[in-house]
Amino acid sequence: MAEASVEFLLQNLKDLLLYNAHLILDVKEQVNSLYKNIDLFKALLKDAANIRNKNQFLKTTMNQIRDVVYRAEDIIDRFVTESAARKAQGRIKKTLKKIGHTRTLLNVGKDIESISAEVKRIHDDKKEHIIRALQQEGEGFAGIPKKREAPIVEEENVVGFKDEAEKIIKLLTKGSEELEVISVVGMPGLGKTTLAKMIFRDPTIKYEFYNRVWVFVSQEYSRKDVFLNILRHFDPPSDNMYRMDDEELAEKLCRVLEKEKYIIFMDDVWSNEAWDGLKIAFPDKKNGSRILLTTRMKTVARHAKRNLEPHDLRFLDDKESWELLKWKALHSKECPEELEGDGKHIAIQCKGLPLAIVVIGGILRDNNNEIHWWKNVAKRVDAYIVLDQVKTMANFIEMSFNHLPYHLKACFLYFGMFPEDFQIPVWKLVRQWIAEGFIQEIEGISLEDRAEEYLEDLVNRNLVMVGERRSNGKIKTCHVHDMLHVFCRMQAAEENFFHEIKQFDPSKYSPSDHEWQKHRRLCIHSCVYSYLSSKPIGPNVRSFLCFSSDDFDLPPADISSISGNFELLRVLDGKAIHFPRFPNDLTELIHLRYLVLSCHFKILPETFSRLWNLQTVIVQTTSRTLEVKADIWKMMRLRHLKTNSNTSSSLPVPLPANKSTNTEGSLINGNVRTLSTISPQSCTQDIFARIPNLKKLGIRGPLANLLNSFDSVGKLDHLENLKLLNDVHPKPSSEGKIARFPQKYQFPPKLNKLTLENTRLDWKHMSTLGMLDSLEILKLRDYAFDGERWQAEDGGFRVLKVLQIGRTNLVTWVASARHFPRLKSLYLRHCSNLGEVPLGFADVSSLQLIDLHRTTKSAAASAMKIRDQQTNKGREFKLSIFPPDQVQ
């Protein structure tokens with residue numbers, strides 16, 4: 001990605017020159033010259049990126065630019081690494097290495113000058129040719145109007161599958177009480193997953209099968225992962241479950257499923273062997289359980305159920321194709337008259353293949369009012385409809401990819417690093433994009449918000465699919481279609497964007513192999529231990545992502561295998577790799593920006609603050625507490641510091657500024673957005689004054705003293721998400737009850753989400769929470785409140801949308817519509833004494849969901865009355881009750 005590489009290097013050089021010039025002081029002049037020469041390419045590359053795949057000259061030139069930029073980046077990063085290491089050494093070592101360092105300086109200076117000259121030569125030699133190519137090839141591209149805001153396209157807007165869904169739903173809900181396997185068969189892109197998702201969400205299926213689970217299988221599946229994903233529906237996986245082998249997990253899953261009626265949706269099964277390896281976990285208790293299987297292979301479908309013919313998914317007809325194209329291109333059922341003729345022609349030429357229509361619709365959306373653009377697409381679409389379906393889809397996807405703005409191309413290809421069909425948490429994706437340098441900073445907009453805008457753009461172009469949205473409408477998880485995933489991997493290989501390791505074979509690996517040494521990003525899906533044990537060398541690797549489901553402790557002898565062999569890492573996500581002790585060599589990876597560290601230690605040492613580039617730090621430790629001795633106030637790029645839910649972290653108290661070397665303001669870090677979880681002792685005004693832009697805060701420990709004096713938290717003017725977890729020993733009882741609660745004015749003014757646990761507050765304090773002006777989500781986990789009666793008060797919870805109540809001794813809850821006027825979702829968990837859900841909720845017009853989990857039969861009965869009244873008023877309403885036998 002020449003354009004993305006140039007953008008990142010320019011920003012990196014700029015940061016070095018502005019903020020860390022002391023590290024490149026001896027070569028500053030050469031670096032400044034290189035910056036100016038590379039900057040010459042910026043404007044040309046943005047234009048050339050649109051058409052380079054059509055023009056071999058442009059393609060070759062941009063690859064040449066990319067390679068020279070990579071070389072420049074490697075040289076400078078290595079020099080900065082050495083320079084930082086030298087400054088961290090003692091005086092004696094510095095003296096001994098002075099001669100070698102002088103020689104290094106001369107070499108680096110010459111290398112930078114040589115690359116700078118090469119960059120200028122390429123620019124001078126190729127500039128006129130690039131401009132001429134742009135003029136010749138740009139017709140139809142240069143005239144593309146500026147992008148408009150695309151409408152949001154929801155997954156629920158399915159066209160052409162209603163009759164198909166009705167047939168399959170009937171097969172799933174009627175017939176024999178024996179376990180049945182219903183298969184949906186069709187070619188890639190025909191809509192098997194879309195149809196299955198439509199059925200999965202259907203109210204009839206939800207009512208008939210409380211235990212319904214969706215699981216992706218895919219071509220290179222893992223039995224263990226499949227079984228764990230199904231088990232997650234019933235209970236959060238434990239450490240013991242992760243240690244089980246395939247057979248043990250299959251037995252456990254079988255025991256869980258045989259208790260009640262179930263339906264499993266198995267998406268994208270590729271082989272008979274895959275089905276045979278998985279079916280042993282699905283018991284037949286003759287209670288009407290079902291499995292719906294989607295596959296590209298009819299042989300697999302027939303093998304799974306020999307006496308039942310699979311359901312062949314049909315193509316869309318011309319009318320349905322036109323309806324789908326209108327929705328994807330215009331987000332409307334209507335079409336301007338001047339576009340209708342060309343639009344119908346395009347729809348017909350897509351030959352009823354939904355994915356082709358979706359991709360073309362994404363291209364048209366950006367220009368939906370331009371007649372000439374629709375005419376151009378109508379003329380060209382026939383060229384992409386060929387007998388070779390793989391080539392057809394590759395061409396369609398490439399059209400959409402080439403039409404992306406240059407800043408979105410790297411973001412899109414990054415999806416290929418994740419496993420196929422993997423539901424990607426958006427928080428992870430966004431922070432990795434930022435660490436990779438894909439997100440350009442704009443004044444007034446945070447990097448995280450900017451990255452989420454990029455993601456929404458990709459969704460609106462039909463390149464990324466939304467898995468789940470949050471209650472505020474933002475995307476929670478996402479993924480790409482299989483065909484798009486294949487394209488990302490193919491394009492990435494061509495661009496040397498990343499290298500994928502699925503099954504590592506040590507016999508085929510040679511550290512001296514040039515191909516292995518040129519990789520810049522690695523994503524490893526299995527055999528991580530074997531790979532690290534082979535002493536891999538990745539001198540140019542910037543990202544190391546591990547997706548293995550098999551956790552392991554790294555032997556002491558191999559602790560330095562990552563930091564020692566991948567010295568230029570920017571992104572290290574190695575959750576499956578457990579470090580028995582803190583890897584001291586890790587502090588030499590000064591380019592690290594994103595770090596996920598799994599460990600057994602309880603102290604983050606002082607040397608950790610040498611990683612001054614870090615933006616995101618996630619520490620998963622088996623220790624109950626984590627003491628942060630590192631001076632995080634020196635880590636001025638830090639944005640997110642998070643430890644797992646079983647820990648509480650104590651932060652170092654910021655020292656007063658040294659008047660001779662610093663100012664008070666130099667210790668303020670306006671970048672920090674997340675701290676979770678920290679101890680109450682760390683919640684001081686001195687600490688919070690250093691991080692004024694904090695948005696998410698988690699606090700765990702004895703909370704009584706903190707809640708008595710809440711002013712330090714209340715002064716966090718930008719805080720939106722707050723977790724208060726009262727962790728006292730022994731487990732909370734009446735002695736752990738908190739008597740005093742902050743007043744409304746003591747809470748942060750922008751607080752949008754609040755989570756309480758084990759606080760055992762009196763229900764009267766709910767009136768205080770009801771007065772918080774911005775509170776939309778309130779999660780009362782186990783024992784958050786104590787008392788048998790809650791009388792809601794008027795005027796409260798004016799904007800609350802989501803309410804969750806966990807274990808409590810609540811018996812009587814008195815409330816009506818006026819107490820929760822905007823409530824959308826109500827979740828009750830283990831409220832085993834509750835007499836009923838307030839019937840007044842039937843009058844809450846915004847209410848869409850009530851979810852009861854192990855409450856009481858009387859509570860379930862009242863919820864059913866609310867549902868009946870809501871549906872009688874013509875409102876869409878969902879009711880979920882578990883276990884089913886609570887339904888009277």
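A Cβ is built for glycine as well, from the same backbone N, Cα and C atoms used for every other residue.
What TrEMBL says about a protein is an automatic prediction, not a curated fact.
DSSP labels the residues of the domain 'Disease resistance N-terminal' (6-91) in these numbers: 76 helix, 0 strand, 10 coil. Here TrEMBL flags 6-91 as domain 'Disease resistance N-terminal'.
As annotated by TrEMBL, domain 'NB-ARC' applies to 162-333. Confidence in the domain 'NB-ARC' (162-333), given as mean pLDDT, stands at 88.
Per TrEMBL, domain 'Disease resistance protein winged helix' is recorded for 417-485.
Feature annotation from TrEMBL assigns domain 'Disease resistance R13L4/SHOC-2-like LRR' to 541-864.
Across the candidate stretches 6-91, 417-485, 541-864, the maximum count of CB pairs under 8 A to the domain 'NB-ARC' (162-333) is reached by 417-485. Note on the domain 'Disease resistance protein winged helix' (417-485): DSSP counts are 30 helix, 14 strand, 25 coil.
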